[in-house]
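Trainee: Just dropping this structure here.
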Amino acid sequence: MRHQLSSDDITASIPNETTPLLIHSAGQRDPSPTRTHDPLDSGIPPSFVGIAPGKANGPLDVSITWRERFHSFKQNLGPTSVKKTVKQVGEQVAQLDPLSPDHLKTALSSIPAVLLGCLLNILDGVSYGMIIFPATGVFSGLGPMGVSMFFITAIVSQLIYTLGGSGFAGANGSMMIEVVPFFHILANSIASQIGEENPEAIIATTLVAYAFSSLLTGLTFLLLGKLKLGVVVGFFPRHILVGCIGGVGVFLIITGLAVCLRIPDDDFTMSWETIHLMFFETHNLILWALPLALAILLRIITHKYHHQLIFPLFFIVIPLIFYIVVAAGRFDLGVLRKDGWLFDVGVTAGEHWYQFYSYLDFRYVWFSALWSTLPTQFALLFFNILHPPLNVPALAVSLDMDVNTDKELIAHGYSNLLAGLVGTVPNYLVYVNTLLFYRVGGTTRIASFLLAVATVGLLLVGTGPIAYLPVMVVGALIFVLGYDLVKEALWDTRHRTSTTEYITIVSIMVCMTVWDFVIGVVFGIIVSCFFFVVQNSHRRSIRSIFTGDTAMSAVRRPSFQRAYIREVAKQTTVIRLQGFLFFGTITYVEEAIRDLIDGPSYQKNPVQFLVLDFANVAGVDMSSAEALVRVERLITAKCITLVFSGFEVDSPVGQALDSVGLLAAERVELFSSFNDAMEWTENVYLRTWYRQQKHEVATTFAVPVRRQTDEGRLFIGSFVPSPRRSHIREAGERTIASELATHQEQASSPEPLNTIIKAFSSYGVINPQQFAPISLYFDRIPVPPKFVLWKQGDQPDGLYILESGLVRAIYRFENPAQDFEESMVAGTIAGELSALANSPRNCTAVVEHAGVLWKLSSANLHKLQIEQPELARIFLQFVLKAAHIDYDILLTAIASRQ
C-alpha cells in the first residue's frame, strides 16, 4: 500500500510514505548498501527493459527549447510512432524464452516479492476499492464493483510499467486513491441532477465520468512527457499540495468512521445526532473505537520497530484472531454481518469481476450531467498530475537509480489512457509499494510481470471473499492512512513552513472538510496568491539610494573636470530597484521618490537627475508602469530629468514601460547600463557649464559623448535663478574656471607639450622648459573611429595621451555578466600600467570618436630613461599618480554595479 506505512515502518532513509507527494527526506540515501539494479540480471534484452547497456537514462534536460519539445511531440506521439513501438515490443517479447534456466531462477527468487505485492494489492483493494462509490442511495452495495475496478486499473498500470514503460524494473502500479473524495463529488453531483428514480442512468453516467477522468489524466501525462515538461509540474507551491493532502486525510478519517458505523459519509456531520450515535450507543462505540485502537496500536509498534513486514503481517493477524474468537464463541456469521462486524455485500457478492460492465450502458448516460462535472474533473486532474513528478525523483533517490521523469510521465499517460478505455479509474506508480517490492527482491521485470499475473488471479477470484472480511480491518486501514496524511500536513510541517504557509494548509483542510474539495483547492490557490502579494509587498523593492558623487562613471577625465563633477553630481539621485515591481511594491517606490522631491531633503539637496537603475528588476506589471508615469509627471513639473538604466527597449521591462508611453516622454532618457547613464549625466553637467560661461573651448576639452542629441538643451533651459544653478556655477568657478585660466596662459606651448601639461598639471607643478625635451619622444597618431589600438592579451607597445577624441576600453572576463567598459576623453592617459609593467593588455581599446593621440612607445620610454633620467623620473611619477586616481575611479564604478 502506498500510504498506510509511516516513516517508522521502514528505515529512516525511506521518505515518509504517508503521502508520496510530501517526501521530506528524499535527499537522503539509504544507509544500507543499495545496488542499482542491472537490467541484464533478468536475462531480458536491454532494449526491452528501456535502459541502454551500461548506461542509465539521463536526467531531465531543462534547457530544451520549445521548438525541440514540439518536434519531439510530433515525432513520438503520431500513430506511426505508436505502431512502431508496439511492433518492437512484440518482437522483443517473442524473442524471450520463458523456459530459460536464468529466467526460471529469476522467477523463483521473485516469489517473496510477488507474495508481498499481492498482499499489498489485496489490502489496498478491499480498503480503497470499497469506497470508490459513496455508500448511499443507488451506490449502496457497489463496494465489490469498486474493488473490481481497483484491480483492473492496477493490472493495466502494472503491465504498462512492466513492458518497458517505466525505467523502474520492479515498478508497482495501482489506483490513485488520493482522488477518492473527488469521485464522491462526481457521483453525488450526477445523482442529484439525474434523480434517484433513474438508478441505471446514475450508475452509467458515473462510470463514464470515472473513465473520462482516466482519459483526461492520461492525455495530460502524455502531453507533459512528450513536451518534456515533467520538471515544470514540480514548481507548484508545495504548501497548497500539503493542505490538499491534509484535507484528503480528514476525509478518510470521516470515511473510516462512516464505514464502521454503517452510515453514508455524506450524512456524517458534527451534529448532536452523530455524537449520540458515536458515543452514547455502546455497540456503535465499539464498532469504530476498536478499529481506531488497532490503528493506534499499529503506529505504536511501527514507531519502535521498523521492519517492512510488520504492517502486512499486522493485517493478516487481525482476521485470524477475529475468526478464532468467532469459532470459540460460536457466533453466527449472519448475525455478525447484520450487526456490522462483517461486510454485507448483498447480491453483488456472487457477481463476476466483469459484471460492472453491464452497468456501463451508454444508452443511459446523461451527457448534460457529465458536462456539468467538468469543474470537478479539472480539479481532480490538477490533483492527479502533481503525483508522478514528485514520486518518481524521490523513488529514484531511494533506490539509487537514474531515471527520466518525462519517460515516466509518458508511461503514466499510456496506462491511464488504457484504463479509461477499459472503463476504470486513474492509476499511478506507487512509491511505497515499489520501494518494498525492491527491498524483498523484486528488482526485475520478471518479478513485476509475475505480480501482474498474480493480480489477474485475484481479479478472477472475484469479490465474494469480501463478505467474510472483518469491517475492523478496512476501518483500521483507512484510519491509519487518514492519520498519516493529517500528521504529514499538520505535525510534520509545523517547523518547516512559515506562519502564512501553515495558515494556508489549515485553511485548505477546513475548507475541504466543511464545504467541498474543489472549493478547497480553489480557496488554497487564492489564499496563497494573497499571502504572496502581502509577503512580497513587505520586501524592500528599493535596494539603495545615493547621490552621483559616490558612484561616478568609469570615464577617465582631466582632474579638474572630475573635481567639478564630484561637486555637481550631488544633484543626481540614484535609486537602485530590485525584485519584481508590482502593485504591492511600487507604492513604496513612489512614496520614496515623493519624499526626495517634496520633502525637506529637496531644499537641502536639490535634484536635477533622478536615475532609476533596473539592473536587478525581474519585471514590471501595468500598475507599476502607471505609477512611474505619475512619477514622471511629478518630477517634470520640477524640471527634473528621469533617467532609466539597466534594460533595453525590447526587453520585458522596456516593453512594459513603453506600453504606457513613458519612454517617449520628453524628459526621460534610457541607457542599457548604469555606467552609461552616469556618464551621460556627467557630460550634461560639463556641457552645461561650458555653454553657460560662453567659453570658446578648444576641441581638446570638448566633451565627447556617444549620443548625438543635444543633452544639455532641456537642462540649460531650466537654469532660471535657483539653488541648482548657483551650486553648479560655484562648483565650476572653483574647479574648471581656475584650471582654464592656467591652461590659457600655457596655450602657446607646442604639441604634444601642451597636451602633456594639461594632463598632469593637476598632480604637481610642471616647468615647460624642463618638459620641453620630452616632446621628441612622442609620436603623433591621428585615429579614425572604430580603430583598434590594442586587443586584450596583446603585448604592450607603449602608452598614449589623448589630445582629442574618445577611446573605449572593454574589459572581458570569464563570466560575461562581469564585463565592463571604460571611457577615456581628451587630456587623459591610456595603456600606462601595462606599458610600465611590460605585461599583457588587460582590455581592448577601441576609438569611438576620431581624434589625435600621442604615443610614447616602449622603446622611446627606455630611451628617455637613459638620455633624460631626471625627466623620466618626474614623468613616470606623474603617470603613476594619474593611474592611481583613474583606477580608484574605475574600481568605484565597478563596485557600484553591485
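Cβ coordinates come from backbone N, Cα and C, glycine included.
TrEMBL: automatically predicted annotations, no manual curation.
From a predicted model like this one, the values you see are computed outputs, not experimental measurements.
Pulled the feature table from TrEMBL, pasting it below:
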type: REGION; residues: 23-45; note: region 'Disordered'
type: TRANSMEM; residues: 113-133; note: transmembrane segment
type: TRANSMEM; residues: 145-163; note: transmembrane segment
type: TRANSMEM; residues: 201-224; note: transmembrane segment
type: TRANSMEM; residues: 240-264; note: transmembrane segment
type: TRANSMEM; residues: 284-302; note: transmembrane segment
type: TRANSMEM; residues: 309-331; note: transmembrane segment
type: TRANSMEM; residues: 364-386; note: transmembrane segment
type: TRANSMEM; residues: 449-482; note: transmembrane segment
type: TRANSMEM; residues: 502-534; note: transmembrane segment
type: DOMAIN; residues: 574-681; note: domain 'STAS'
type: DOMAIN; residues: 789-882; note: domain 'Cyclic nucleotide-binding'
Trainee: Could you check if the transmembrane segment (201-224) is in contact with the transmembrane segment (364-386), meaning 3+ Cβ pairs under 8 Å among residue pairs at least 6 apart in sequence?
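Mentor: Yes; at least 3 Cβ pairs under 8 Å.
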Trainee: Reported in the order helix, strand, coil, what are the DSSP residue counts of the domain 'STAS' (574-681)?
Mentor: 48 helix, 29 strand, 31 coil
Trainee: Quick check for me: are there 3+ Cβ pairs below 8 Å between the transmembrane segment (309-331) and the transmembrane segment (449-482), leaving out pairs under 6 residues apart?
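Mentor: These two segments touch.
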Trainee: For the transmembrane segment (284-302), could you work out the same-chain residues 6 or more beyond its ends whose Cβ comes under 8 Å from its Cβ atoms?
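Mentor: Hits for the transmembrane segment (284-302): 5-6, 8-9, 256-257, 260-262, 277-278, 310-311, 314, 318, 340-341, 471-473, 475-476, 479-480, 483.
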Trainee: Please identify the stretch among 113-133, 364-386, 449-482 with the greatest number of Cβ pairs below 8 Å relative to the transmembrane segment (502-534).
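Mentor: Stretch with maximum Cβ contacts: 364-386.
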Trainee: Give the nonlocal contacts of the transmembrane segment (364-386) in its own chain as ranges (CB under 8 Å, at least six residues past its ends).
Mentor: 21, 176, 178-179, 182, 185-186, 189-190, 193-194, 198, 200-201, 203-205, 208-209, 212-213, 216-217, 220-221, 224, 233, 236, 241, 244, 426, 428, 517-518, 521-522
Trainee: I'm checking region-level scores; what's the whole-number mean pLDDT for the domain 'Cyclic nucleotide-binding' (789-882)?
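Mentor: Averaged over the domain 'Cyclic nucleotide-binding' (789-882), the predicted model reaches a pLDDT of 90.
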Trainee: By DSSP, how many residues in the domain 'Cyclic nucleotide-binding' (789-882) are helix, how many strand, and how many coil?
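Mentor: When I sort the residues of the domain 'Cyclic nucleotide-binding' (789-882) into the three classes, I find 33 helix, 33 strand, 28 coil.
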